[in-house]
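Per Swiss-Prot, these features apply:
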REGION    18-38  region 'Disordered'
TRANSMEM  58-78  transmembrane segment
TRANSMEM  97-117  transmembrane segment
TRANSMEM  278-298  transmembrane segment
TRANSMEM  408-428  transmembrane segment
TRANSMEM  460-480  transmembrane segment
TRANSMEM  496-516  transmembrane segment
TRANSMEM  572-592  transmembrane segment
Amino acid sequence: MTVSENSVLETEVLVGGSAMPNERPGAMEPQNLSKMPEGFPRRSTVANGVRSRASRRFLVVGGALLLSLFAIYEMGAVFSIGGITPLEYLVLALFAVNFCWIALAFCSGIAGFLILLRKPRAKDLQVTELHTRTAILMPTYNESPDRVFSAVSVMAETLSQTGHGHAFDWFILSDTTDPDIALLEEQAFLVLRQETHKHSRVYYRRRRKNVARKAGNVADFCRRWGSRYDHLLVLDADSLMESSTITGLAQRMQADPDAGLIQTIPSLINGTTLMARLQQFAARIYGPVIGTGLGWWVQKEGNFWGHNAIIRTEAFMTAAGLPNLKGKPPFGGHIMSHDFVEAALIRRAGWSVVIAYDLPGSYEECPPSIIDLAVRDRRWCQGNLQHSRILPTKGLHWVSRLHLLTGIMAYLSSPFWLMLILTGLMLALQAHFIRPEYFTDQFSLFPTWPIMDSDRALRLFYITMGVLFGPKIFGVLLLLKDGEFARSVGGRIKAIFSVIFEVILSALIAPIMMFIHCGAVMSILMGRDSGWSPQRRDDGSMPWMTLIYRHRWHMLAGVMLGYAAILDSLTLLAWMSPALIGLWIAVPISAWTGSVKIGEVFKRAGILATPEERNPAQICLQAQDARAAYQKHIAEPWTLAQVLKDPALMELHLAMVDKQPLRAAGTPIEAMEAIVHVKVHEARCQQSALAVLNRQEMAMVLANPLMLRSLQKLPEQFVEEDLVSFC
C-alpha cells in the first residue's frame, strides 16, 4: 500500500505539524537514598497543607495493632495449657505475621464502610477555570495500536468539548521494540492526527532504547519536554478516563499548591473471560471499601499505582528521579515498581500525595487468565521485593514506609501462609505418629501433656475468618443497602448469587495463586530476573498441554498435601479440602476461567455483572466503536520494504522518528548498532539487507534516519546485469 492509496495519507506533510513539540530540557537528577537532600522537605505553601490527622492513624493502625495483639494472645493461650513446644512457637510466629497483614486491611475496610454508608460526593470544581498546562502521557510497549490510539482519540475529543481542552496536550510515549507494531503505531498516529488536529494537540514519540522501562520512558519525557507543563497526567495502555475526571484532577491540583500527586481509584472494565469478570466484580463490590478506607486514613501520605494519576511536574522532576540500585537484578539495577518509590520520594520532599477515593470516571483493564495474572505478578513481585532496598531511605515518612512494606507483604504473605499450613500439618502428624514424652529429663512430679484449648482455637478460627472476609462482608452490606447499586448489578438476588459464586471460585483460585507467588519469591531469591514482556489483554485461553505444564507443580503439591492430611485422619483432610481442591483441579480452573466463551455465558446470565458492564459510561462505548474503526484503518500494515520503496511514505515515517541526536562522533558504538551498520553497508540491495536483519535490528533501523537513507539508496532487488556492468 502506498501513501496515495490511502485517503487519510494524501500528503507528505504530517497533519497537525511536528510529531513532537520543541524540546525544553530540564533536570531530573537521581535522588540520594542514603541522605536527605538539601532543602527537603520544602515548606508548605498553605498552613498545614501537608499535615494529616493523627486521630485517623490511631483508629485504623492502632485498631489493627490491638486486634493483632488480641489474636496473638489468644493463639498463645491455645497452646499454653500444656506448655508451648518449638513447633508451636513457629506456628505462633507465622500466625502473628499473617494476622497483622489482614488486620490492617480489615480496619481500613471498617473506615471505608462507614464513609461509604454516607454516600460521599466528589467535590465540585467544574466552575474552576484552568490556567495551568497538563501533559497527558500514554506510555505503550508492544501493545495493540488500535487499543491505545483509539482511546486517546476518544478522550481527546470528549475533553475538547468541555471548554478546557486548551489546557491539555496528549503524548503517546512508545517503548515498542517490535518493528511491525512500531509501523502500525505510525499508521494509527496519522489517523489520530487527522481526527484530532482541529481540536487537540496530540503527539507521538518512540524511544530508540527503552532504558529503565516505563519509569525511564516517563523520565525521558520529563527531561526533554516536562518543563513545558505544570502537571503530568499518567495513563496506562489500557486506561480510559472521563473528561470530567481529567479536568477534576487538574482543578484539584491547581487549587492545592502543596499537592504533589493525586491518585484515582480505577474501576475495572472490558473483561471478557471468566477470570477478568471475577476480578471486575470483586474490585467493584469490595474494592471501594478498602480503597476508600485507605484514602481516608493515609490522607496526605497516599500512594501511586503507576497510572490514572496526576503529578505536579516540579515535584516529580526535583524529587522523584530514580537512582540505579547497586548490584544486578533482581534486587539491583533499575527500580522496577517505580510508582510506590516515586510517591514516597515526592512525600519526602514535602509535597502531599492524595488518593482521590471520591472521584469516579477512571478505568483500566485486568489480566484475562490465571497465567496472565501470574506473568504480571512475577514482574510486580520482583519490583516489590526490590523495595526492601528502599525501606532504609533517609527521610521517608513512616506511612510511606508502610506502603512499601505492605507491597512487599502482598507477595511474602503467600510463603508465610504456606509455612503456616505446613507447620500446622506437622503438628497434626506429630500428635498422630509420635508418642508424647510425658516425663522430660527435668525432674517434675507432673507429666507434660501435649494438649490445646480446642474451644478457644475454634473461636479464634471464626475471628480470623471474620477479619479475612470482613471487607467482602462490608461490600455486600453496602450493596444490599443501596437499591440503586443493587439494580445496577442485576438486582439483589443475582448480586447475592454472584457474591457466593465469587467467594467459591476465589477460594479455589487462592491456593493456586499462593503457590504461584511462592514460586515467584523463590525464583527472585535465586537471582532470576523477570524481564519485560508485553501483556495479553483480551483472550486468556491457552492449549491444555501448556496449562498442564504451567500447573504441574501446583497439582503435585495438592496431591502431596492431601496424602499427608489423610495419613492423620479424614477429618483433617476435610478441613484442608478448601485449599486442596483448587490445586487438584488447577488445570481445568485455569482453562475455564481464561475462556472468552465461558465468560460470555456468565455475561448473558447476568452473573458477576458490574454497573460499568450493564450501563457503561459513554466514553467506554465510544472507545469500543473507535477501536473497531482503527482496526479497519490499519488493516493493511506497512512494512519496512514499503517504507524504503515509497518516497512519500519514507518522508512520513521520518517525520515521526524521534529527533533525539544519534550517537556523537567518537563515542563508543554498541555491538548491535555496529552489526547493523555492517549488514547495511555490505548489502547489494534492499531485499538482501532486509533478509539478514532480525526483528530487533529492523526496529533499530526504523529509528535511525541515516541507516534508512542508506538502505533507500540501494536498488530494490539485485540483478546480475548490474554486476556485469559494474565490472
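Just so you know, glycine gets a Cβ as well, placed from its N, Cα and C.
Remember, predicted model here, so these are calculated numbers, not experimental data.
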Listed stretch, out of 97-117, 278-298, 460-480, 572-592, that has the most CB pairs under 8 angstroms to the transmembrane segment (496-516): 572-592
Winner by Cβ pairs under 8 Å against the transmembrane segment (278-298), considering only 58-78, 408-428, 460-480, 572-592: 460-480
Per-state residue totals over the region 'Disordered' (18-38) - DSSP helix, strand, coil: 0 helix, 0 strand, 21 coil
Among 408-428, 460-480, 572-592, stretch most in contact with the transmembrane segment (58-78) (C-beta, under 8 angstroms): 460-480
Distant-in-sequence neighbours of the transmembrane segment (572-592), which means Cβ under 8 A and at least six residues beyond its ends: 274, 369-371, 421, 425, 428, 507-512, 515, 541-542, 544, 547-548, 550-551, 554-555, 557-559, 561-562, 565-566, 598
Surrounding residues of the transmembrane segment (460-480) on its own chain - C-beta under 8 Å, 6+ positions past either end: 67, 71, 74-75, 78, 99, 102-103, 105-106, 108-110, 112-113, 116-117, 285-290, 486, 489, 492, 495-496, 499, 503
Within-chain partners of the region 'Disordered' (18-38) [C-beta distance under 8 Å, separation at least 6 from its ends]: 169, 171, 189, 201, 203-205, 219, 222-228, 316-324, 345, 348-349, 390, 392-395, 655-656, 658-659
